[in-house]
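Input: a single structure, listed below in structure tokens.
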Amino acid sequence: MPVEENDKSIVLRLASGATAEIYLFGATVTSWKVEGKERLFVSSKSALDGSKAEIRGGIPICFPIFGPPPPSPPEYAALQQHGYVRSQNWSLEHIIMDREEGISIRLSAPPPPAEFNHEYSLKYVVTLSPHQLSTDLHVVNTGKEDFKFQALLHSYLAVKDSKKIVVKGLGNGTEWQDKTDGLKVKVWDGSDLRITKEVDAVFRKVPGQEIVVLEDDGGSITIRFRGFEDSTVWNPQEKSGKNMIDMEENGWDRYICVEPGYVREFKILAPGEEFLGQQILTVPH
Ligand code: BG6
């Protein structure tokens, strides 16, 4: 069966051998394999059963905020870091396509917690093709007033050694916020990014909306995004990584987070309006 659902997750399998697994907890994609190689990192110390607030790895979804909560309004100020969606139990709504060249499923988020009194519909479409994984977040304002949110796909991309990768495509003149330097807003000079120390950078309006992670053995992964305009690049290295209780020993050497999102400000949807944020991950044929 190309789409298998058990009580915890959904597994997609293509005839090409590509597979993906999506946990209902947080609609977190926890595995994406192409030619037998795992392309996402999940910490071996991560709980996958909902006993912790999130899964440490894969592709958690940040919504309706990214990062720490804003000071106001009160229902946003009361939210946990990155919002609650990554720790909600989603459900499989529909198998959109189930063919040899691609499988596509749609998941549906439960309503928000009672304290967050906004009405919206949140769906997630995951599409697996032989060398590509697309993850699309659909938000519709189903309420009678404007609805504001931030959204981001927190992708932990597996690499052999984060200290040997090059991140390309951040643009020349792109404004970015350096969370390791008191949230200072700086201007990127067009160079490639390398991980020599902790990096926690939010790039605003990335031109071209295409970032490439290159490994020293020629391997690569391309991250394209639409609707999402910004992207975080995050790797804590030992400095902050060792303080994360669910991070495996030296886990920071085995991934780079490139996180497309709409996060430099709040996106405001009028009643009935829809937002589509798309991420497309591709590995070479
Ligand atoms: C990144 C943030 O996206 O997520 C970092 O930019 C943060 O500041 C990291 O530390 C992990 O967040 P969390 O809530 O999953 O520990």
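Cβ atoms here come from the backbone N, Cα and C positions, even for glycine.
Copied from TrEMBL, the annotated features are:
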BINDING   ARG56, GLN81, ARG86  substrate binding site
ACT_SITE  HIS154  active site
ACT_SITE  GLU259  active site
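Distribution of TrEMBL features across the structure.
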residue : record                 : CB count, 10 Å
ARG56   : substrate binding site : 23
GLN81   : substrate binding site : 13
ARG86   : substrate binding site : 21
HIS154  : active site            : 23
GLU259  : active site            : 27
Cβ under 6 Å from an atom of ligand 1: which of these binding-site residues qualify? The list is ARG56, GLN81, ARG86. GLN81
Substrate site shell beyond ARG56, GLN81, ARG86, criterion: Cβ within 8 Å of Cβ centroid: ALA53, GLU54, ILE55, PRO60, CYS62, HIS82, SER87, HIS154
In the three-state scheme derived from DSSP, which category covers GLU259 (active site)? strand
Near GLU259 (active site), which of the recorded positions ARG56, GLN81, ARG86, HIS154 can be found within 10 Å, Cα to Cα? HIS154
In whole Å, how far does the CA atom of GLN81 (substrate binding site) lie from that of HIS154 (active site)? 13
Between the Cα atoms of ARG86 (substrate binding site) and HIS154 (active site), find the distance and write it as a whole number of Å. 10
Measuring Cα to Cα, how many Å separate ARG56 (substrate binding site) from HIS154 (active site)? 10
